Amino acid sequence: MKCQKCRQAIRLHGSLEDLSPAAFNLLVGSSANERPHSADQVPVPQRPTYPQDRRDVYEKASRNSSAPLFKRTVQPKHPPSLAVPHSRQNSKSIYQNPADSYVMLSQSQAVPPTQATSCGAGSSSQAECTVGNDHDQNALSQQMRTSAVLFDILSSRSDIDHPICQECSEMLTEGLAKRYANVTRERDAYVDYLRRVNAEVPTDAEREAAAKELEELKAQAAAELRELQDMEQEKAAVEAEIRALEEEKKKLDEEEQEFWREKNSFSLRLEAFQNERDGVNLQYDHDSRQLEKLQRTNVYNDTFCIGHDGYFGTINGLRLGRLPNQPVEWTEINAAWGQTLLLLATIAEKLNFTFDSYRLKPMGSSSKIEKLDPPTNSANEPKTTILELYSSGDLPLGRMFMHRKFDQAMVAFLECLRQLGEFVERTDSEVKLPYKVVKDRIGDSCIRLAFNQDEAWTRACKYTLTCVKFLLAHTSNAKRLMDRS
């Protein structure tokens, strides 16, 4: 025979040359009990196909019954210990199910006769020598068939083809030991991971604290909203005061003109009214300087201060973007996007511009953009899709699924910026955005975070702030020119 792994000729162990049925059954039974399960086959308990009462009756009868006794009446041609059926498909071997019955053998049948003498001088005749040689050949053939059956059964009940040599068995044992060590380490890793997951489950107290913090944040947001309304009222009052000062300036101009027309007629009273005139002139100069100072003052530049911090674009000191060597917290990025969205909405309001298919909802660090899809029927209202212009900052294995909504919101912001830029270009042909906006790209950079490098995304955010600052400057200049005219 040959080893089934290295294909080298091997010699069987001496214990397998004359294998008894008991030893054969012991080897087969041990291989059936030790057959390992494959990695993807997990033993699943099955429901018995017989009632429980029938099993109880069977166990009771088995305990009280005695062993059966069978006697063989026909003498076999060969010893029973080496009897093997001629066809494994058409008849059952005694090695397949030896526990079904047993046979009482006499001493002459249990021990096969030995060839004490050779076919030499001790043989009575040439015919008896020929019969002995045939018997030896049959015994050798029977041993080989028994070994082949044993190895076939062992191979069918395990993942290893038999027979194998001693060197291959040692290598196989070493490989199984390594697999066992790897499986043990993997099991320990799963146990440790399960323990850490169970330890990270939030408690009821933590949930209550989070709910309480949420209520406080809502109250804070409401307070900030009221403060914003108060500031808007104050802004309206300042604008009314500016208009009153402009009316007063016009009146002073008219008084001055009238004064110079009546100068010749009031020349005799010039000295008397000189002090009064100087006082009026001083007041006029003060008011003019104050008015000019107020006209040069830009509330939006003070409210939305856009600059840069190295490679980052900033708005009110908040960095918009992140780099591998300079990570920026997502809370700061979300706040920067909220300020940018508020500035864009303010510019559009000042220019009396309405975005097509979009509504801006500046809400600080949780700002949103509503996308209005056309209705399917004429009677229905347009379908509204909420695009969140913020990110939680959690990073799973895949970035594309994590930042999908955030990317859609940033692309929608670029679309609104493009619409407002085209509106400004239509009103003034000399005005043009510094960077061209095409779908999700501004300049040569993509605004999407998925499948994009941090440097490219940070550069796109910086270009976006530059375009918004350009629109703010144009709006301020247009308002100043309108006030002067």
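Cβ from N, Cα, C; glycine included.
Keep in mind it's a predicted model, so treat the numbers as computed, not measured.
TrEMBL assigns the feature coiled coil to residues 207-265, out of the candidate ranges 207-265, 266-324, 325-383.
If you take every residue in the domain 'Atg6/beclin coiled-coil' (163-291) and average the pLDDT, you get 88. According to DSSP, the secondary structure content of the domain 'Atg6/beclin coiled-coil' (163-291) in residues is 114 helix, 0 strand, 15 coil.
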